[in-house]
């Protein structure tokens, strides 16, 4: 689908030249490396996915027919009402890997309600052969049923169209299909419509897929693949790669990947990335427009979806995550440049992140409950608000960066006493608890199980200025306390069932669970300054720590307020049990990794001679 000017996209291409022989060579080695990295599924799994989707399509038609009969339609009329599934996301884009889920949209006629989807259809799924782990979340922003069919994970969304029947040849491209739909249906349809539009807007789908598969693996390995935590999600990465494909319509994967890193590093944010001009449509709904909406002007790295109504896929990006992504673009550009000249291999691009080696201080955010099902919802709620904590931390003096990790670490602990429960909720899981199994607590009085999920934020602290004397104070009590208040505002929060703790730890105190086997470096012995005469002998506990042992539920922590600091960060407390405090003293450090750098001292990666990035980054014309 070319524009009226004869090209895809909002600007002319940077180059229409075909790739060089060297770029063709590195494209071959790139695909070899992607196969070695296990990014392609087997033919057997591909066939299984097709069989599973066929079964699911038949089940959706049976569901619609059943609801139609319940509404009094005749057998013939009910059979004709149809029902259809559409895939989207990585599977529809053709870049899914082994074991990845299939994003699936169920499209139903107007007489089938959302309640039917979560009552009638969910029950049919539970009763269907080969279907396991059925979990409906009707209250989600985009209501969803998660299932596994023959071991294949599937996320099911639903959209009810204003049609009496769903024809087999239905296409979702027509904007008028969105008329008279509620917002949840429009959001559910958006994923499929955006995915299909991306595929229509790239000059060569095969090159796009190979390039995106590379970029997706790189982003996952570098821990910057997560929309919820303020990085970029799958659709945003797809749109970035698609834009580079538009700018180099005759290039192959190796050349696209090379240009991707250089152009994205040099992109003049907040200039938006657009695959086509933003269009108006038939609905009275909000379309991304920074001239009209102040919230849209605040987007730091706007990447705009091409299907109506256009939205920003990257509104979660913060100052810190933008800095991290930009730094990774530069690192990626440097590695690929070396690959092109033959002094590096593609495997170096996919090296694992160094998040847990990068910072000296981290925040732990620990969400805990005594129920597996409740933990999924509680941990998801806490994770969805981590970005708000990061944004508040960015305003703290002396903090140059707050770096959220892209996933939480889940643990199940079998506790024999209330004291063990309290310790686990605080992040203190002893070796004895780690080794314990469920059979070790069965039938024992006072024993209970705690499910916990721990999230991490790396803290980069600005170097100590010359001439300053003594330890500095880092006050993070306000952002952490506000964060705890925020998560407790969840309408289903129950302090007798849910624990939330935020605490400050040194890198040496990171638990083994965050490292791969053999990854952790031997812990070095750090010199610690002697305590001052006024400090007295202390066990490191805060005066605000609860001293009573009033029995509460076995899975909540009494210290659900933010554990923001210890009186002496240089000499951690013996148990690292942290209660609310007003300040933290930190040793002078020059944090490795992402310290703020003078742009004048950074050598910017450059496009090959004759290619001008300004062609792509100049504001698009209407």
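Each residue, glycine too, has its Cβ placed from N, Cα and C.
Because TrEMBL annotations are produced automatically, they should be read as predictions rather than curated entries.
TrEMBL tags one of the stretches 1-24, 25-48 as region 'Disordered', and that stretch is 1-24. The Mg(2+) 2 site is defined by 101, 103, 155, and by the 8 Å test on Cβ atoms against their centroid, the other residues of the chain that qualify are 89, 91, 102, 104, 146, 153, 154, 156.
Look at the domain 'Poly(A) polymerase central' (207-352): DSSP puts its residues at 75 helix, 6 strand, 65 coil. Within 10 Å (C-alpha to C-alpha) of residue 101 (Mg(2+) 1 binding site) lie the following binding-site residues from 90, 155, 225, 235: 90, 155.
It is 17 Å from the Cα atom of residue 103 (Mg(2+) 1 binding site) to that of residue 225 (ATP binding site). With a 10 A radius on its CB, residue 155 (ATP binding site) counts 17 other CB atoms from all the protein chains. Compared over the binding-site residues 88, 102, 225, the count of CB atoms lying within 10 A of a residue's CB peaks at 88. If you average pLDDT over the domain 'Poly(A) polymerase central' (207-352) in this model, you get 96. Annotation for the binding-site residues 101, 103: lowest Cβ count within 10 Å of the residue's own Cβ, 101. Take the CB of residue 90 (ATP binding site) and look out to 10 A: across all protein chains shown you find 22 other CB atoms.
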